Structures are given as C-alpha cells and as structure tokens.
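Read through the structure below, which is laid out as structure tokens, and then see the notes.
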Amino acid sequence: MKLCAVIIASLLVCVAVASSSDNQKEFAQEKEMTREETQSLGEHEKDDEVTGSEERSCIEEWKTCENDCECCGMSTLCAASWVDGHQIKLCRNEGGKLKKVLHFIQKSVSKIKSCKK
C-alpha cells in the first residue's frame, strides 16, 4: 500500500513539473509578443528590408542542424549522433513532454494495478 502511495505522489509531482514548464514557455512567448508590438512601424519596415534578402527557413526533420532553434516544430530538437567517429547533429521529433508524461502515467497505472493484486 505504501508503494502505491509513493507512485501516486511521484505521478502528481511529475505532472506539476510538466505543467509549470509549459506555463513558463507560454509566458516567454507572451513576453516576446509584447516586445514585438512595442516596436515602431519604421523599425518593422527597416527589419523587413534587411531580412527580405535573407532566407528565413527552418530545418526539417532528419536534416543537419546546429541548435534547437533551427529545427521546425515545437517538439523537434537538434540531437547529436556519432557516425563513423564523427558527430552529426540532426533535427529529430522527440514527441515533446506530453508524450513522456503520458508514458509515465501509463507505467504508473500498470504498477498500481499490480499493487492491488
């Protein structure tokens, strides 16, 4: 019975941590939006002129990258792999935290069921 209580408590802690990190990301995105809104129209026009010649693109999954910001998608990360002694960084879809939390919940439920037997 104590094991079941520990599993349930750890499950609640993991869900709380996952939700707080999502809230931090939302706050950061809102903060970024307000920064963009406060710029003057002239600055926007200058930025568009300067960056108009530059290519704005994101790297698709399983193509080489340098950091996470270059990869397309929220759950896509720039992960390093070693091939023939050389490090290669590729954009990979890791499924995000939601997938990991759901997998943890599934494992916890199966352990709780086995505790009841």
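Quick reminder: no glycine exception, Cβ is built from N, Cα and C everywhere.
A quick note: this is a predicted structure, and the numbers were derived from the prediction, not measured.
Residues or ranges marked as compositional bias 'Basic and acidic residues' in Swiss-Prot: 23-55. The annotation disulfide bond is assigned in Swiss-Prot to Cys58-Cys72, Cys65-Cys78, Cys69-Cys115, Cys71-Cys91. Sequence annotations record features per position, and here Swiss-Prot assigns region 'Disordered' to 20-55. Residues or ranges marked as signal peptide by Swiss-Prot: 1-20.
Using a 10 Å Cα-Cα cut-off from Cys58 (disulfide bond), the disulfide-bonded residues that qualify among Cys71, Cys78, Cys115 are Cys71. In the three-state DSSP reading, Cys69 (disulfide bond) counts as helix. Fewest Cβ neighbours within 10 Å among the disulfide-bonded residues Cys71, Cys91, Cys115: that distinction goes to Cys115. Neighbour density at the Cβ, taken as the number of other Cβ atoms within 10 Å, is lowest among the disulfide-bonded residues Cys58, Cys65, Cys69, Cys72, Cys78 for Cys69. In this structure the alpha carbons, written CA, of Cys78 (disulfide bond) and Cys91 (disulfide bond) are 4 Å apart. Proximity to Cys91 (disulfide bond), judged by a C-alpha distance within 10 Å, picks out Cys65, Cys72 from the disulfide-bonded residues Cys65, Cys72, Cys115. Cys58 (disulfide bond) falls within neither a helix nor a strand when secondary structure is assigned with DSSP, and so counts as coil.
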